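Down below is the structure, laid out as structure tokens.
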């Protein structure tokens with residue numbers, strides 16, 4: 001009995017790499033490599049810029065707090081921590097529905113719209129007068145930014161095949177890491193605006209970053225394509241190749257608390273503090289894609305982060321504690337991004353992938369809510385509760401990844417049995433549980 005068309009396409013994609021190469025297949029791979037370079041030139045940079053801007057806009061509350069915002073608007077007690085946490089509550093609430101609806105609403109409409117909205121919110125934060133108005137802006141900022149990451153991830157799933165996805169998701173995390181470096185430079189520059197038009201520097205930070213975001217949102221109207229059929233940067237040959245790729249992939253379908261100019265300059269001059277996560281993740285994601293080794297990447301890197309947190313809980317020198325932050329960054333960037341790529345590549349059809357990604361991101365960002373409470377200022381410099389909690393969560397995740405791998409191995413064994421018995425997936429019922437779907441490990 002013949003297999004369904006969808007299952008045949010999926011099976012073709014799995015055997016593609018092991019088939020004997022012909023002049024035609026070699027030429028096809030050359031054209032595909034050229035197409036990927038074009039996608040990485042026109043799709044990936046737009047998404048990276050969005051990620052960088054979003055991290056700048058959400059993270060500038062820390063700089064603002066050290067530059068007089070707490071006193072200027074009269075924050076008391078743990079109100080700053082509350083403002084940090086409330087952002088993530090609405091960030092989480094936005095992720096799941098966005099994952100479900102964004103493809104239907106179309107990426108080229110959703111992404112510019114939400115970027116414009118959070119840009120306006122960021123700009124408005126420069127004019128807050130008290131705790132209540134700060135919380136309102138953080139709520140809206142969290143909601144609109146919460147729509148972004150699932151939108152970008154699913155957009156990448158539409159343009160890249162699953163074996164190409166880890167390095168492209170890595171681009172997003174590299175951008176978030178780079179935001180630390182750019183944030184330091186921007187903070188240093190804006191200190192010179194302190195007092196301009198009667199506004200303190202922290203207000204100018206929000207105002208200027210908000211304007212930048214709004215401008216980029218306007219540019220995204222033209223830069224984010226609706227689909228490959230209408231993409232401005234693809235020629236007819238590229239579109240034909242994209243059509244073939246789409247057919248193959250359719251089933252997967254401590255301190256005083258107030259910093260001075262010297263502190264900002266030192267941060268801006270020392271890019272390795274922010275850049276380490278970007279470098280590590282770029283390398284790790286490349287290996288993950290090249291060798292199709294999602295599980296290996298995360299299960300090796302998680303203990304590195306666990307060791308980092310363990311060091312921070314010990315009475316060691318400042319230099320050793322500084323080294324521990326590098327270990328933590330290694331695990332945080334690689335484990336988070338690779339886990340997203342692993343899940344995305346192992347879910348089918350695309351509706352299930354979208355829902356699964358939404359659930360994963362929501363659960364992941366609960367950590368943002370918790371962090372605002374367990375890393376209280378009064379706990380500095382040891383932050384025993386925060387580091388202990390983080391260590392435990394990473395250890396729990398490490399155990400969970402082994403369980404997930406065992407589940408995939410067991411399912412694969414069952415699929416081989418079904419195939420040997422001649423089972424055929426009914427038309428319209430193809431999912432990642434179907435015998436023709438091969439899990440990534």
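In case you wondered, yes, glycine gets a Cβ from its N, Cα and C as well.
Looking at 1-23, 24-46, the range annotated in TrEMBL as region 'Disordered' turns out to be 1-23. TrEMBL lists transmembrane segment at one of the ranges 61-79, 80-98, namely 80-98.
Between the stretches 276-294, 295-313, TrEMBL puts its transmembrane segment entry on 295-313. Range 354-375 is the one annotated as transmembrane segment, of 354-375, 420-441 (source: TrEMBL). Confidence annotation: the domain 'Major facilitator superfamily (MFS) profile' (43-441) carries a mean pLDDT of 82 in the model. With a cut-off of 8 Å between Cβ atoms, the residues of this chain six or more beyond the transmembrane segment (110-128) that come close are 50, 53-54, 57, 60, 73, 98, 102, 134, 137, 140-141, 144-145, 147-148, 151-152, 155, 199, 203-207, 209-214, 216-218, 220-221, 224. Tertiary neighbourhood of the transmembrane segment (387-408): same-chain residues 295, 298-299, 302-303, 305-306, 309-310, 312-313, 328, 331, 335, 339, 346, 367, 370, 374, 439, 441, selected by CB-CB distance under 8 Å and a gap of 6+ residues from either end. Using a Cβ-Cβ cut-off under 8 Å and counting only residues 6 or more beyond its ends in the same chain, the transmembrane segment (39-56) has close neighbours at 111, 115, 118, 145, 148-149, 152, 155-156, 159-160, 168, 171-176, 178-179, 182-183, 186, 209, 212-213, 216, 220, 223-225, 231, 233.
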